[in-house]
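Here's the structure we're looking at; comments come further down.
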Amino acid sequence: MDIRAAEISAILKDQIKNFGQEAEVTEVGQVLSVGDGIARVYGLDNVQAGEMVEFENGTRGMALNLETDNVGVVIFGADREIKEGQTVKRTRAIVDAPVGKGLLGRVVDALGNPIDGKGPIQFTERKRVDVKAPGIIPRKSVNEPMATGLKAIDALIPIGRGQRELIIGDRQTGKTAIALDTILNQKPLNAQPDEKIKLYCVYVAVGQKRSTVAQFVKVLEEQGALEYSIVVAATASDPAPMQYLAPFTGCTMGEYFRDNGMHAVIIYDDLSKQAVAYRQMSLLLRRPPGREAYPGDVFYLHSRLLERAAKLNETQGAGSLTALPVIETQANDVSAYIPTNVISITDGQIFLETDLFFQGIRPAVNVGLSVSRVGSSAQTKAMKKVAGKIKGELAQYREMAAFAQFGSDLDAATQRLLNRGSRLTELLKQPQFSPLKMEEQVCVIWAGTNGYLDALPLGKVRAFEDGLLSLLRGKHADLLNTIRDTRDLSDDSAAKLKAAVEGFAKTFS
């Protein structure tokens, strides 16, 4: 066999001719100046607002200000490596995040990248982080309860699936503890096979210490709650753009469940820090400041985020996304700019007070100032029956307690009312990590409002409650099951409960 050189060279020339012709067209710009996490870029003529751009070292940024002569880009990462004169290229993609069930049990950053060291994420698809909220027609009024497992909230300030309920209070009043207990309370629901019953949880940590977030994730893991939760973390050491973006990323992950006929709850902890990060970005981008130096659109920042929590109607799959935003106040000032904004956007607020917290009333819920504007329609019949009474009695108690400080000679009726009120207040206390099921709460509150605690010394109320619950769980499980399944306290069940409580009260001393 002879090798013909001419033939081989012809073949090689033919192969080489088309090599390296796949040229890539990218629109680029140049960095004019960079500092404080903001880059001014010249060029990038056709860039869209909110588009991802990429710097030479691979760092991503987002185009926010589109001006006549330059583009203001916020940088998602450190700006140390970025120098004046470097090129910036368009990605032609608006900022998006991975969504899907593969994210459950994972901890991610504001861009959806894993930060828990458990390898890459198996996501279903990528979705834009900033999308329009559902309109009026796809929505439905809130009608299913979202149980937190806390007596003070489930009885007095009930939350429904698809509601937005604000948790507001000073630092160290137990705001995150309420959110954490709510996540832990969903464990029995998520153990069931029916997707309509499950409630997936998304926790967004904004501007918190890394140690705090690590502790939170550790508790979730120990309690077996991480498997149905997603944690999005943009900690205090992350750049402001990441802290601004994290709630939107978390919301997109939660919307995946809402739009696929499932249910999710998202906790933004906390939105004050997001507003501060957004203020920092806006001032550095030279946008005009407004009240408290926040930009004019800080209300829109929060309203467009919280409007995405919704209960959808049957034609849309009947899914829901419940939002529990957290706001930290300074010295109980609820009339500051951000707190008033978020109060006006949400469907109610749980107001936590330092004074109550230090008096040992935990959860430190101020029942007088807290409201739930739509949740009562989602309450179970059983809870409605027992909770209506406790609300009135506590309101009367608060009014009387204020007067009782001045006068010592009180008539018997007032004395009885004060006595009952203090015991009900004691009854609503609850230690952390011990959420109660709906039917258990109903029985305990029923015992309180029907006067079975009145004769007890205050210190014995907790012991009475624990004893009653263990008796009901042990010997009257059928009663608890009936209340749970019918979601109602029928006359028959009430009679059984009365017999059980009376029997227990006799033996308890």
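Positions of Cβ are set from backbone N, Cα and C atoms, glycine also.
Here the structure is a predicted model, which means the values were calculated and not measured.
Taken from Swiss-Prot as is:
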type	residues	note
BINDING	G169, D170, R171, Q172, T173, G174, K175, T176	ATP binding site
SITE	S370	site 'Required for activity'
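Annotated features taken from Swiss-Prot, shown on the structure.
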residue: G169; record: ATP binding site; Cβ neighbours (10 Å): 27
residue: D170; record: ATP binding site; Cβ neighbours (10 Å): 18
residue: R171; record: ATP binding site; Cβ neighbours (10 Å): 10
residue: Q172; record: ATP binding site; Cβ neighbours (10 Å): 13
residue: T173; record: ATP binding site; Cβ neighbours (10 Å): 27
residue: G174; record: ATP binding site; Cβ neighbours (10 Å): 20
residue: K175; record: ATP binding site; Cβ neighbours (10 Å): 24
residue: T176; record: ATP binding site; Cβ neighbours (10 Å): 20
residue: S370; record: site 'Required for activity'; Cβ neighbours (10 Å): 21
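Same-chain residues with CB within 8 A of the center of the G169, D170, R171, Q172, T173, G174, K175, T176 CB atoms, the ATP site residues themselves not counted, are E328, L352, T354, F357, A364. Of the recorded residues, D170 (ATP binding site) and S370 (site 'Required for activity') place their C-alpha atoms 15 Å from one another. On a Cα basis, S370 (site 'Required for activity') lies 14 Å away from K175 (ATP binding site). Cα separation, S370 (site 'Required for activity') to G169 (ATP binding site), rounded: 11 Å. Mapped onto three states, the DSSP output places D170 (ATP binding site) in coil. In the three-state DSSP scheme, S370 (site 'Required for activity') is classed as coil.
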